[in-house]
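Novice: I'd like to ask you about the structure that follows.
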Protein chains: 2
Amino acid sequence: MKNLDLSLYLVTDKSDDVEKFLKTIEEGIKGGVSVVQIREKTAETLDFYDLALKVKEITRKYNVPLIINDRVDVALAIDADGVHVGQTDLPCDVTRKLIGDDKILGVSASTIEEARKAEKDGADYIGTGAVFPTATKDDAPKITKKDLKDVADSINIPVVAIGGITLENAHELKDTGIAGLSVVSAIMSAENPKKASEELLNIFNS
Amino acid sequence: MKNLDLSLYLVTDKSDDVEKFLKTIEEGIKGGVSVVQIREKTAETLDFYDLALKVKEITRKYNVPLIINDRVDVALAIDADGVHVGQTDLPCDVTRKLIGDDKILGVSASTIEEARKAEKDGADYIGTGAVFPTATKDDAPKITKKDLKDVADSINIPVVAIGGITLENAHELKDTGIAGLSVVSAIMSAENPKKASEELLNIFNS
């Protein structure tokens, strides 16, 4: 198992304003973000690649792992630290072969079966949700806190919770056995991303 | 330079009906299609991967190269014969590094400058268009027959013409120095894809 600090896992949203986007990521890291995942579902490949190179400059500066969502080619092209695949992306075992053993591989899994399969197929961690209602990904399966705990208890790799996590509800995820909180809007849309990150991390660590 | 027969280069359209889609490709190959490129701009990655595996069964059976549009990861995952990238996909030189020297690399280029850069950066062939009005890709740059010939004359790698080529207008591309005709609708939407392929190849070879 890789030595991964998943405690505050930032997933980015669409980068309409690149300068603001990069500034938000940097402020988030200053506030305690421990992993950054870039997720671009509609960007042209070249734009995704260019953006990922820019984000990598920041993550390298702060020594925080950079994960690319879905696009294994973009991850390899920029030599990212890892890839995150969902259930409609490349299969976990195929992805592991493409990226090799050293890179981080995360998999979205909302059931025990999916989580166990991902662990068997080479995942380093699991993202499980949505634990709360979310506008970012409204087609994500909804799960309960018990589901989350069941998934975390069923495997030996760490689980991060994702989906609608805010400063107001994050405390509800205590005692679910998770290794971290994964958020999009709670940091990307925060007026003060650094402060939001500090507060989320405080809640998680308390 | 790789030993590539580009004379009739089929680019697929969106695969709504997979069975019909596969049948059309096979009939096209029987009629003389010499290269197949799968182009899926909106599919989920897993669907693209599954489809590409199915098309590969056909192209291997007839010993025809299979090229994947844009998605280098899908190409590597299914061990396709090559990749085709446009000007908004991964850069040509980056793509060449990812796929290695043995796989085929095609690049869309509509100007002499783009074509020369692609040749320098490791492309095996160039796709140039749109030579005729097309509904498949209405944002493609429009070029004249003279532009096409100028691109073909400016580089040492082969050029295929693409964009709105039909049985009615294909003869207009004579004496442009191209190595082949690239079509989507002329075969994918043909009532008889085998016959359409035979006729297109006859026009090209005449």
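Cβ atoms are placed via backbone N, Cα and C, with glycine included.
Remember, it's a predicted structure, so these values are computed and weren't measured experimentally.
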Novice: According to TrEMBL, A:Gln37, A:Ile38, A:Arg39, A:Glu40, A:Lys41, A:Asn69, A:Lys137 bind 4-amino-2-methyl-5-(diphosphooxymethyl)pyrimidine; which one of A:Ser108, A:Ser154 is listed for that same site?
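Specialist: So the 4-amino-2-methyl-5-(diphosphooxymethyl)pyrimidine site in TrEMBL includes A:Gln37, A:Ile38, A:Arg39, A:Glu40, A:Lys41, A:Asn69, A:Lys137 plus, from the candidates A:Ser108, A:Ser154, A:Ser108.
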Novice: Would you mind listing, in sequence order, any of the binding-site residues A:Ile38, A:Arg39, A:Glu40, A:Asp70, A:Asp89, A:Ser108 that have a CB less than 8 A from a CB of chain B?
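Specialist: Near chain B - Cβ to Cβ under 8 Å - we find A:Asp70, A:Asp89.
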Novice: With a 10 Å radius around each C-beta, find which of these binding-site residues (A:Arg39, A:Lys41, A:Lys137) has the fewest other C-beta atoms nearby.
Specialist: A:Lys41
Novice: Name, in the order they occur in the sequence, the residues of the same chain whose CB lies under 8 A from the CB of A:Glu40 (4-amino-2-methyl-5-(diphosphooxymethyl)pyrimidine binding site) and which sit 6 or more residues away.
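Specialist: A:Thr12, A:Lys14, A:Ser15, A:Asp47, A:Phe48, A:Leu51, A:Asn69, A:Arg71 - these are the non-local Cβ neighbours of A:Glu40 (4-amino-2-methyl-5-(diphosphooxymethyl)pyrimidine binding site), listed in sequence order.
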Novice: Would you identify the secondary structure of A:Asp89 (Mg(2+) binding site) according to DSSP, in three states?
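Specialist: The three-state answer is coil.
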